[in-house]
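Here is what TrEMBL says about this protein:
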- C:16-34: transmembrane segment (TRANSMEM)
- C:79-98: transmembrane segment (TRANSMEM)
- C:104-125: transmembrane segment (TRANSMEM)
- C:137-155: transmembrane segment (TRANSMEM)
- C:175-196: transmembrane segment (TRANSMEM)
- C:226-247: transmembrane segment (TRANSMEM)
- C:259-278: transmembrane segment (TRANSMEM)
Amino acid sequence: ACGSDSAGGDATASDDGSITMGFAQVGAESGWRTANTTSIQDSAKEAGIDLKFTDAQGKQENQIQAIRSYIQQKVDVIAFSPVVETGWDAVLNEAKAAGIPVILTDRAVDSKDTSLYKTFLGSDFVVEGQKAGQWVVDNADEADTDGDGKINVVQLEGTTGAAPAIDRGEGFADSISADPSIKVVASQTGDFTRDGGKQVMESFLQSGDHIDVLFAQNDDMGLGAIEAIEAAGLTPGKDIKIITVDAVHDGMQALSDGKINFIVECSPLLGPQLMDLAKKVLDGEEVEPRILTEETTFDQAQATEALPDRQY
Amino acid sequence: MERNEMTQMDLESSESGTRVPADRAPVIEMRDISITFGRVRALDEVSLRLYPGEVHALMGENGAGKSTLIKALTGVYSIDAGTVLVGGDEHAFTSPAAAQAAGISTVYQEVNLLPNLTVAENMLLGREPRRFGSINVRAMNRRARERLESLGIDIDPTSDLGEHPIAIQQLVAIARAVDVEARVLILDEPTSSLDADEVAKLFEVMRRLRDQGVAIVFVSHFLDQVYEIADRMTILRNGALVEERMVAETTQLQLVKLMIGRELEALERLDREVSATTADESGTPVLKAVGIGRKGSLEATDLEVYEGEVIGLAGLLGSGRTELARLLFGADTADTGEVAIGSSRRKLRSPRHAIDRNVAFSSEDRKAEGIVGDLTVADNMLLALQASRGWLRPIPQATRNQLVEQYMAALDIRPADPTALMRNLSGGNQQKVLLARWLITQPDVLILDEPTRGIDIGAKAQIQAKVAELAAQGMAVVFISAELEEVLRLSDRLVVMRDRRKIDERPNRDVSVSDVLEIIAGEARSEQEEGDRA
Amino acid sequence: MPETATLTQRVLRHPLLWPVLALLVLLLINVLVKPNFFDIRMQDGHLYGNLVDIVRNSAPVLLVALGMTLVIATRGIDLSVGAIAAISAAVACTRIVGAGDEGALTTAVLACTYALAVCIVLGAWNGFLVSVVGIQPIIATLILMVAGRGISMAITDGQITTVRNGWFSDLASGYVLTVPLAFIIALGVFALTALLTRRTALGMLIEAVGINPEASRLAGVRSRTIIWTVYAFSGLCAGIAGLVIAANTNSVNANSLGLWIELDAILAVVIGGTSLAGGRFSLTGTLVGALFIATLARTIPNIGIPSELNYLFKAVVVIAVCLLQSPKVRALFRVHRRGPSVPALAKGAA
Amino acid sequence: MSAATASPAVSLWDRVKGYSPPSRFLPVIATLALFVGLFALGGVRYEGFSDPQVLLSLLIDNAFLIVLAVGMTFVILTGGIDLSVGSVVALSTMIAAKTLEMGWSPYLSMAAVLATGTLLGLLMGLLVHYFDIQPFIATLAGLFLARGLTYLISVESISISDPTFTKLAFKTVTFGDYYLRWTAIIALATVAIAAYVLARTRFGRTVYAIGGNESSAMLMGLRVAFTKVGVYVISGFCASLGGLLFSFYILSGNSLHAIGTELDAIAAVVIGGTLLTGGRGYVVGSLLGVLVLGLIRVLISFDGTLSSYWIRIITGALLLVFVVVQRFATRRQP
Ligand SMILES: Nc1ncnc2c1ncn2[C@@H]1O[C@H](COP(=O)(O)OP(=O)(O)OP(=O)(O)O)[C@@H](O)[C@H]1O
Ligand SMILES: Nc1ncnc2c1ncn2[C@@H]1O[C@H](COP(=O)(O)OP(=O)(O)OP(=O)(O)O)[C@@H](O)[C@H]1O
Ligand SMILES: [Mg+2]
Ligand SMILES: [Mg+2]
């Protein structure tokens, strides 16, 4: 992913040569999302695509309205990050009727009629959770910080009901089930925010039970939790091992500083790939129905290495 | 009158000394009713008997418990002890709706209508004429118009109630109450802001209903009105029953004594000397309005107010007295003209401008524009003074106590508890607190719009005496009252208004009520002629 | 013993009885589930324990609720507090990051002062819309609620801005004499508010305006100025709260900072016994209410309620507290004294 | 101020010319005028905006919000407020999705949705009236409760594939080239019925009476208790009906649906000229309020060049301009 093949070559299809893309963003609920938006806006400019952008402020109905207005404006291609998987058939059918191709980014829709969209570009949250869990399984010895043979994990969940929260939790549980000594002793939502993560972690720490590992479903909650851990007089990364998802800049910094032990990347930089796909679709080229973003994982050493050219 | 004699003949002595109609059973009988609010025993074993076809006056000073008794009967308050018999059967109402359903129609003391709805809706809410289940607005407006006309009220039934002055609202409330076929009609101070004409019309209606066999409870602080209309009366004092009596067998003096528990000296004897020094209009006026007016409510009017004089504004309902007072105070902004107070001359934009120049104004609508119900009596009293000092300079505790105590005593406010909540005071006592609010600011000009509204006879004399005293000390007073006698008794100069403009101004020397009515009527006649000529 | 009798009576009649009782019950539940809930120990020279956390975490809600109490007393409501908090944090953090010496005390002080000044202006803007233009408070403040988030995002460019300034961080995590600084600040604002409203005439005038605006106007109360001031104060309080929240994580996320804090604050005010219809207010009640909300937030992870049941639990607690406060339910407790029922008359006396 | 009372000599034309609408309709008229102005602005600025389908889409997209606003109008007219509607929408979609998944008949499922919302409304109404709990708090508890029940049913979203539902969802009424979904027609019908109930039934007039002054209404012997509980029942019903329309719109049940929608509904009602203190306002105003909010969103997506934060700022600014202009247009003589 990370900006490999950015510049789009010669102009493509469409009557007057210019392409108009309507993009309906979910919102701007996190740094991750903002990076995603910026990436799309920047690469559209770079690729010479005229971008119509709407922020649905977290509401599916707003997103649907935006898509509908793109149909009325007769844009060449519509792309959007669905807030939820369900409920898109109606508006996608309208787009299909109007002959406008649709590309999904970041998250799939569960429509049975796969002709409603051309392709889906994005990460797999379940896999992210699995990678995080796998790390605990692989590093079981190190993760058992008090050496009692049992690994007590606490989990900071994302917004209850949100797809990444559900899937990452699922993936994580899936992986750690391989090792019976690993157990999630407490799990509570921190709403994907630092403040939420800190407050919930404070409470976990007060409970008196030993905590070996913290799995935070995004970097922000992990960063908040680090503050709570430090305030409790413990050393994050040593007394409590920390795993997070996303790999935003602050998270990578903490990882490189040794306060986090492992981060699963979830890249927001979908812009270049998206513009590429849009051009291919409009040129009538065949595209894969499912394109995974290239994502990796970082341990502390890798983070130190990667940090200098992190874009977000 | 014929009917009165008949009533007299039907009566026979009962053991208590009062007489009741022998051939009729009471429609309502309240026995030993007690109600306690916190520490206040508002009613203490009070009994009341109501017979069909009588007007029964409920008498007592402010705070005696009249309104509470009425609310106890109609299910607003639940009763602590005692029984209510309706048509001989024990029956306690749990809500005003239940009382209405049983044929008891009530006008409560404060106007309890809805300013956001039209006059017609206010009159007929809950019993609108319907066609196929939906309200027939035309029929409703027609019926409302008829009822208003029969009471001699000339207003558009489709206008919002809130646009009308309090007196009109009171009439609408009465119109609503008499519109139903009721067995019992209760009127708690219905006449407190009505002028003589309106009162006469109301009495006409009351007589007609009485003759149809309706039992009417009537509360008023105007003894003359009571003597004119009522057959029997029940007298309360401090929440306790004093006596039930025939009106015809009680002199006014006796009645007052029963109400207040002692002889009232100097009743009706406020022979204020029209002061020569002020009436000659020498010197500069403390307040001078030039061509002040407001579209739709007052034509351009001039008025000068001199130190130490009482100006009485006389006129009929809706003649524009209230509007003039409000413009003088800046409560409404004038469209034309300006007001000069002392040396400064400007368009008043807000009451503050006036207050800063030592003008005070007490509104006629005490519920909506006077009391701050959830604050204490003390806070209510000191509100205006505090507001003019600004929030940063609170009144020192000692001064507070001293002022509150002083005015509570001076105006005889009951209960004499500065921490009581304003909304729990009886209507008359609230009015006294509002008066105290303005007296405390020691204004140069005091504008009083219906200051004696709902005030008992003793307190009224006190307030009148107070006004006279203040004027003697140099305060200028603008006095408005629906009761012409009162205006005439107090004022040095008389301003007569009609149809939203000033039609006459003269020193109050030997002017009588009929003179004033003559002035108003004369004006009407000349207008009539003009109209005919055109 | 008549002495004790009147004392119990006074306690029973005290308006704060039920909020305090509710708080105690909530704490009791916590202790029953986790017996070590009340444990407090010294940690790095300051107190450490659940109660300390609760007190510290209550600071933002308490601050916002203090301003909200006064706004509500004037019959208003301020929905924009969350957005103002976000703007405050955004301004302060970007200033600190942009300053030459990021870690210096003066940097922190200057940045915070600047941020709070902005918040006062924003609050005054709300006050202007309400008192001068005459827009209904809920809409007037809704405008800033919507736009304010955008403004704070524009300031931070939508990124989470992280600051490294020990002094700033101390706003949330510092301790003075072993007590969390955040709570001391909130208490300080509380004391100041109480002083300003109860030792001067401000409180009474605010209540008068809230109960009967027209009567107050005719009595010469400067209701415009009062309303204006109260909204500006609410803005200031929200601004301080924003700083505390940002300091708590040494970062500002313009999008989530202070999100829905207005609901928590209003809830705190109401639990404290102040009516949303305006008029009489109780600052102490608000204090108890804010502590209640912070305790509730801590109770959920402490007794291990699964995330998906959070809302249900909150619903049950809110309903329980409201029922406790309801005069009707209270009347059931006082069986022997059957007072007269005054249906609806108590309300809307104006 | 009020309608001119013309003397018989005055010609009809003069009367038409001199006609000024009663001041109580002024806010609604101002809202309508501003809505038209806003629409014209969009038409001039953006290509494709003046297409009538834009207006019809506005109705389709906001059908559920219109229904919510109708229920909210009843509550606000009594001086109350209902914060629970957004959560009830989410709960409704979830109940519909779950019951359909469990194989219920679609009609039974719809009935279950409507019954749940109505029941929740009833509960809140009882809390408000019989326990004297402030509406804000009682319905905030309702908000938590409904959202909590949604999570209880399922944390994950469930999609609706029931043929009856999908058929209903896609059913359209066409006018030449233009079309309207029948959900929008239901919403408009709800507005019409509500307008009738408020204007022409005793219940409706009592709603206004309670908003004017509750204690006066009580003293006038009106059915205060019934009406006050009734408005919350209506609001609960409307919320679940809105939820049903939303289910058709989105064909899925999700616990994160409609977060914060109560604010949209309240804003729409207030923008439509209803006083939050109760007693004054019309459902037609609320309909216009919803359309204004929707139009602002459409304007912004037609523009399409704004970044996330500018979208919020401009939304706020447009709202500001709107309410300020409306305020001055309806200002009565001070
Ligand atoms: N809700 C209440 N709470 C506490 N005290 C009350 C309440 N209502 C009335 N009182 C008290 O009960 C007493 C009787 O009041 P009530 O209103 O019946 O007097 P009233 O005879 O009607 O006087 P007025 O002529 O002034 O109207 C007063 O002392 C009043 O302060
Ligand atoms: N009988 C009436 N018919 C029509 N309009 C009336 C009537 N009475 C009052 N009004 C209205 O009241 C306004 C002036 O009333 P204002 O309150 O100034 O009179 P007022 O002399 O103080 O009477 P009140 O005795 O009611 O205090 C007028 O604009 C008029 O619209
Ligand atoms: Mg009375
Ligand atoms: Mg008058």
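The backbone N, Cα and C atoms fix where each Cβ goes, glycine too.
Only sequence-distant pairs (6 or more apart) were considered; of these, at least three Cβ pairs between the transmembrane segment (C:259-278) and the transmembrane segment (C:79-98) are under 8 A, so the stretches are in contact. Between the transmembrane segment (C:226-247) and the transmembrane segment (C:137-155) there are fewer than 3 Cβ pairs closer than 8 Å, counting only pairs 6 or more residues apart in sequence, which means the two stretches are not in contact. With a threshold of 8 Å between CB atoms, the same-chain residues lying at least 6 positions outside the transmembrane segment (C:175-196) that come near it are 42, 45-47, 52, 55-56, 58-60, 62-63, 66, 70, 202, 233, 237, 240, 244, 247-248, 283-284, 287, 290. Among residues of the same chain six or more beyond the transmembrane segment (C:137-155), those with a C-beta under 8 A of the stretch's C-beta atoms are 71, 75-80, 82-84, 86-87, 89-91, 94, 122, 125-126, 129-130, 252, 254-255, 257, 262. Beyond its flanks by at least six residues, the transmembrane segment (C:16-34) meets 50, 271-273, 282, 284-285, 288-289, 291-292, 295-296, 298-299, 302-304, 317, 320-321, 324-325, 330 of its own chain at Cβ-Cβ distances under 8 Å.
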